[in-house]
Amino acid sequence: MALDLEKLKFGTELIKRGFSSMTKGGVIMDVTTAEQAKIAEKAGAVAVMALERVPADIRAAGGVARMADPKKIREILDAVTIPVMAKVRIGHISEAYTLEKLGVDMLDESEVLTPADPFFHLYKKKLTVPVVSGARNLPEAVRRIFEGAAMVRTKGEAGTGNIIEAVRHIRKVNEEIAIVRRMTQDEIKTAAENIASSYFQLRNEASTDLFGQSGKVLYDDVYYGMSREKIVKGISDILRQIRKLNRLPVVNFAAGGVATPADGALMMELGADGVFVGSGIFKSPDPEKMAKSIVEAVENYKDYDVVARVSEGLQGMPGIDIESIPRDSRLQERGW
């Protein structure tokens, strides 16, 4: 039977997840100029992430961080042949559609930018372009997959050059997957109800505003036309997929604090499918050498002779101790 290409259109879950899987085992690099994008491509990056400023500069500047200038994104798109991704603010529907129209290959609904919606992330199934989202734990990852994320990544603590939070997040996801493997059907439903609860925050607040604490709350249309029951069922289905696969049903990359070849190798050793590098390359003294070295270390993460060789003579970006950052100033705290 001939394949009906008309039915296999860009934008289906199959295509979006398939595109994301093509980046497995590789390194995706943050770039702010066309020249940096060329350096990343030459170094062997599987994709680049176009943004206005790298996370370290966003952290230092403070204020409100938004999507990059479309002109800059077009310049980067024209400069390289590898896929180009772009960051969008959490929940910013209009930024997402604008970036999709520009022709980027993938979006990152990113906590590095200032969130736009205090209640909801993007409903990514409405976009034709695949979306990656950050997660500190399995409940966050499951919510993003339920919304249509084609890829998940650790949040880490972007712009610090400190790998500890990325390690924390991937270890938590791995541990929680191990727990899901042993869950009964009743336990899966209970977990799904707990994971789904963040979708009801707006309805709960609105009902309290109108009726006070004693008012009855209806959960018939709480997120893009979906009822509480439909959301819980969708999340239960994802948990059952995880139990069957013993992993997330989408690729899971490491991000947030990768600053050396050994950092990249460590995240692969812990089970990441690939690595995002933000500030770690272009905030290092020798970006070209650092870019090539991280790519080689990630591709050969079990060969420590290679990791040692590519690390020689390298100096990473200045780092920040996580404990010196107030909790409410940590980028990883953004998102729900």
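Using N, Cα and C of the backbone, Cβ positions are placed for all residues, glycine too.
The D-ribose 5-phosphate site recorded in Swiss-Prot comprises Asp30, Gly257, Gly278, Ser279 together with one of Gly103, Gly134, Gly159, namely Gly159.
Here the recorded positions are Asp30, Lys87, Arg171, Gly257, and the one whose Cβ sees the fewest other Cβ atoms within 10 Å is Arg171. Each of the binding-site residues Gly159, Gly278 was ranked by the number of other C-beta atoms within 10 Å, and first place falls to Gly278.
Sequence-distant contacts of Ser279 (D-ribose 5-phosphate binding site), defined as residues of its own chain at least six apart whose C-beta falls under 8 angstroms from its C-beta, comprise Asp30, Val54, Pro55, Ala56, Asp57, Ala158, Gly159, Gly161, Ala259, Met317. You'll find the Cα of Gly257 (D-ribose 5-phosphate binding site) roughly 15 Å from the Cα of Arg171 (D-glyceraldehyde 3-phosphate binding site). A gap of 25 Å separates the Cα atoms of Arg171 (D-glyceraldehyde 3-phosphate binding site) and Lys87 (active site, schiff-base intermediate with D-ribose 5-phosphate).
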